[in-house]
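Structure, as structure tokens:
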Amino acid sequence: MSKSNPSEVKLAVPTSGGFSGLKSLNLQVFVMIAAIIAIMLFFTWTTDGAYLSARNVSNLLRQTAITGILAVGMVFVIISAEIDLSVGSMMGLLGGVAAICDVWLGWPLPLTIIVTLVLGLLLGAWNGWWVAYRKVPSFIVTLAGMLAFRGILIGITNGTTVSPTSAAMSQIGQSYLPASTGFIIGALGLMAFVGWQWRGRMRRQALGLQSPASTAVVGRQALTAIIVLGAIWLLNDYRGVPTPVLLLTLLLLGGMFMATRTAFGRRIYAIGGNLEAARLSGINVERTKLAVFAINGLMVAIAGLILSSRLGAGSPSAGNIAELDAIAACVIGGTSLAGGVGSVAGAVMGAFIMASLDNGMSMMDVPTFWQYIVKGAILLLAVWMDSATKRRS
């Protein structure tokens, strides 16, 4: 079924000010922002302010990093109208391989990273080859991968935990940026963002297209600067910006660019929106799907490196049901399981919501079974709201 042309989540305030501007703001983004604010206020109140302490915010963002990186890869798979149930087991396997290379084989860190990333690409491409060229449903292919990858992990580790990782390996998931470095990177990123925003506005004006009012652009940029610099300042009050958070930010920006500014990204949306129309328009569907799964494998490899580094070990149970968290993050972020609709920014925001709930309920000592029930209910509510919104529109 053909779908409307999707676009990456925009946090922009529309051209007109006040309430009329809010009307054209993407409803899903507005709901997610409201949900994040509500979650933060609730847990801040129930924990007497400890939830927004510098230490806990740092831990929260580190929790978000792994699921967020998985969601960056998963969102493209789902947009292409496919699914990947193997990412949890694949992450455990790749993290286990990294730990074996580091602990048992004593390889230097650069070689360990390269081998892990290449293996992630190959495993993702393996899934993609079966889906794209052998026409096996992705649900079956990745379900088989989930079982096989877990079995391989248990086999190569002999069912034991591979530890401890080296100090160099631990830097990936446990290190923090110096305070000055965090502010410099944040300032450079904001400068690039401001320049990109004004460049886009001037190009639209030159083409005679409607462009946002200058006051709206300045307001959006000021709000972004306050949020970014405020977050860096808060994180520096503890130990600094965690390295996994920096990696997630870079992958988020790269994913957003690929989704909105490249022909490859547009092909992914076209395939998910209407497969036959995409094929008739000249898109190489098989090659595109293969590339999507390979990219997903690369994201899983990065997440696996961070996980093993953060744990200081490779565990046979690592990554268990992580694929469900990644899928839930994408769905909560507005990605349609039917394909053709979704955004990288929304998926990462969904991952942040999931991590916020985990973190807050853990601080409140909520029993584990209730945590699963709450997350399941929120996932169901998010899908229902998305379906209800589409029916009304």
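Each Cβ is built from the backbone N, Cα and C atoms, and glycine gets one as well.
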Is Ser362 placed by Swiss-Prot on the same side of the membrane that Trp198 is on? no
Structural state census, the topological domain 'Periplasmic' (309-312) (DSSP three-state): 3 helix, 0 strand, 1 coil
Among 25-45, 65-85, 240-260, 313-333, 337-357, stretch most in contact with the transmembrane segment (136-156) (C-beta, under 8 angstroms): 65-85
Between 0 and 100, where does the mean pLDDT of the topological domain 'Cytoplasmic' (261-287) sit? 96
Long-range neighbours of the transmembrane segment (240-260), counting only residues six or more past its ends (CB under 8 A): 7-8, 58, 61-62, 64-66, 68-69, 72, 75-76, 171-179, 181-182, 185, 189, 232, 268-269, 299, 302, 306, 310, 343-345, 348
Residue list, the transmembrane segment (65-85) vs rest of chain: Cβ under 8 Å, 6 or more residues beyond ends. 6, 91, 127, 131, 138-139, 142-143, 145-146, 242, 244-245, 247-248, 251-252, 255, 259, 268-269, 271-272, 275, 288-289, 292-293, 295-300, 302-303, 306-307, 310, 322-323, 325-327, 329-330, 333, 335-344, 346-348, 350-352, 354-355
